[in-house]
Amino acid sequence: MTKIVLRPLQRHVAAARDGDRAPLARSAIALLAVLLGCAMLVSLNSGALEIQALKVMASAFDPPSTLSGEDLRDRIVFFQVRLPRVCLGALVGASLAVSGAVMQGLFRNPLADPGIIGVSSGAGLGAAGFIILGQSWLAPVAALLGVFSLPVSAFVGALLVTSLLYRIGTSDGLSSVATMLLAGIAISALAMSMVGLLIFYADDQQLRDLTFWNLGSLAGASWEKVATCALIVSVALVVALSLSRGLNALFLGEAAAGHLGIRVQRLKTLAIVAVAAATGASVAVSVGIGFVGIVVPHLLRLTIGPDHRYLLPASALLGAVMLILADTVSRIVVAPAELPIGILTALAGAPFFLWILLRRRGLTGL
Amino acid sequence: MMAMETNLSVTGLAVRLTGKTIVSDVTFAAHAGKVCTIVGPNGSGKSTLLKAITGETGHDGEVRLNARPLGRYPPRELAEVRAVLPQHTQLSFPLTVKEVVRLGLQNTPLPLAEAQGRIGEALDRVDMAGFEGRAYQSLSGGEQQRVQLARVLCQVWQPKAGDQPRWLILDEPISSLDIRHQLLIMDVARDFADRGGGVLCVLHDLNLTAMYADQVLVMKNGRLLADGPVADVYRDDLISDAFDFPLKIGSLPVADVPFLLPQAAEGRLPAR
């Protein structure tokens with residue numbers, strides 16, 4: 001055991017002390033993958049109904065006729081309720097964390113997060129717009145995109161806000177925290193007021209739909225949602241990973257990144273599209289899960305460093321783990337009722353955000 | 001005339017920013033194997049000229065690198081031919097010294113051991129050996145500047161690729177260094193040129209320019225006031241005109257190297 005785990009770990013820590021955190025980062029990613037498996041198992045095992053996840057999985061291919069009534073019930077709960085929920089949690093967590101990491105790299109600022117600077121509000125406006133106008137003005141969109149209409153509308157909203165923010169919040173590729181956060185507040189307020197206008201125009205049925213979506217937790221998970229979300233999120237993740245070299249060069253600033261052979265304009269466009277797609281997909285599933293995009297990349301940078309080649313995959317994994325665990329806790333603490341998961345992530349995330357802010361203020365006078 | 005053109009040539013270059021002309025009508029050619037420095041007073045357009053040459057700033061006129069117009073290089077290929085050291089580099093996230101230098105190897109896929117060796121050697125050349133594990137942000141300004149130079153050196157490691165020279169473009173590489181490291185870094189630039197590469201460098205120090213430059217460009221009010229070897233450019237009238245200040249140029253008796261001392265400027269000597 002010591003030979004397999006501890007010796008290499010000691011070597012990696014020594015390498016990190018010499019300034020090379022890559023080996024440490026690679027083992028951290030392996031560890032996080034194992035952790036993700038464990039988190040999924042724990043989550044699948046917990047809930048109002050006692051289910052032995054391993055037992056259900058072991059008998060997954062037995063014909064239904066051989067199962068007792070209880071086993072059959074367990075199987076249905078497991079495959080139709082818990083498993084899609086855990087998968088959706090993993091997808092949403094991964095996409096939130098990676099959006100945060102990419103956005104921070106792009107804005108060259110550790111406090112950029114889709115939730116805080118208003119990108120999620122933009123996505124929310126897009127989604128609300130579709131829910132309310134989907135049968136009238138946006139009917140052609142619904143006909144064209146089918147199940148993808150909601151995430152795509154959210155994506156469009158997120159895209160608009162991100163590009164607007166980038167224009168307002170940066171000059172020469174440098175973003176000031178203050179400008180960015182203030183612009184985010186204004187844009188969020190604008191998006192909220194437009195959602196308000198939409199509500200004003202909505203009929204009763206649309207209001208019900210909107211309210212349910214707004215309450216949205218991972219509880220409404222279905223395989224259809226998982227599939228739509230997975231498709232969009234995996235494309236966004238692949239794009240984000242392909243940008244890691246460029247985002248690394250951006251550590252030095254835009255001009256220097258250009259001198260290193262990076263097509264900076266293309267990098268920025270792709271990064272914004274990837275962030276908007278990932279945020280749109282996760283907001284369409286569930287609004288109001290904040291701070292994952294700040295906490296996860298920040299914790300990882302402290303240990304494995306900011307190299308995006310490792311930071312992005314590690315963020316995806318840790319984001320998935322954190323969200324699955326938060327969802328599990330939210331199901332257990334007030335069982336059989338459920339705590340909205342956004343409350344939990346904000347309870348942990350908001351103080352963390354303040355802590356980063358204070359540390360930065362000490363360093364740079366903000 | 002048929003010889004392979006291995007220079008950096010600038011023709012009719014002009015830069016206008018927000019309606020104001022910062023640099024106008026600059027034409028010169030710098031040659032591989034030589035150190036070419038740009039000197040001039042503050043605000044004379046040195047850095048802007050350099051930014052136009054590196055493609056950071058839009059400009060009129062033409063810049064050719066090894067006979068090929070700058071705009072015809074794909075970004076990646078350009079990065080393999082020339083590296084640029086900016087005046088200041090502010091990192092957005094805490095990297096270690098080794099991670100900063102490694103960014104210079106982004107376009108050069110190397111086996112791990114070789115990459116480590118090159119990073120070590122580059123740091124050694126700028127007298128930063130042993131600093132690999134230090135946080136970049138914890139270094140002094142001069143140390144950071146040397147680490148950036150190590151990164152830039154990694155980017156254009158061999159001064160020549162086949163018969164094509166590579167180029168080092170340096171914006172005030174020694175502005176925050178002590179005298180020993182000023183000489184050391186200029187030695188690195190000199191060595192790069194001696195091995196066949198080209199060096200274009202903005203300097204403030206006229207004495208170091210006299211020591212190291214093969215070609216001196218003197219800028220004043222956005223125009224090129226003079227272009228030539230040190231011996232031609234270092235004349236009392238020309239330098240005094242460039243800096244709008246009466247300056248006297250002396251010459252070391254042992255070797256014919258010109259020097260300037262501020263004490264020797266007219267009106268600065270104590271009355272006898």
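Cβ coordinates come from backbone N, Cα and C, glycine included.
Nobody curates TrEMBL annotations by hand; they come from automatic prediction.
What TrEMBL says about this one:
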{"type": "TRANSMEM", "residues": "A:28-49", "note": "transmembrane segment"}
{"type": "TRANSMEM", "residues": "A:83-103", "note": "transmembrane segment"}
{"type": "TRANSMEM", "residues": "A:115-134", "note": "transmembrane segment"}
{"type": "TRANSMEM", "residues": "A:141-166", "note": "transmembrane segment"}
{"type": "TRANSMEM", "residues": "A:178-202", "note": "transmembrane segment"}
{"type": "TRANSMEM", "residues": "A:223-243", "note": "transmembrane segment"}
{"type": "TRANSMEM", "residues": "A:270-299", "note": "transmembrane segment"}
{"type": "TRANSMEM", "residues": "A:311-333", "note": "transmembrane segment"}
{"type": "TRANSMEM", "residues": "A:339-358", "note": "transmembrane segment"}
Highest-contact recorded stretch vs the transmembrane segment (A:311-333), from A:83-103, A:115-134, A:141-166, A:223-243, CB pairs under 8 Å: A:83-103
Paired segments the transmembrane segment (A:178-202) and the transmembrane segment (A:115-134) in contact, 3+ CB pairs under 8 A: yes
Touch test for the transmembrane segment (A:115-134) and the transmembrane segment (A:223-243), at least 3 Cβ pairs under 8 Å: no
For the transmembrane segment (A:223-243), sequence-distant contacts whose Cβ falls under 8 Å of one of its Cβ atoms, 6 or more beyond its ends: 80, 84, 87-88, 91-92, 94-95, 98-99, 101-102, 147-148, 151, 155, 267, 270-271, 273-275, 277-278, 280-282, 284-285, 308, 312-313, 316
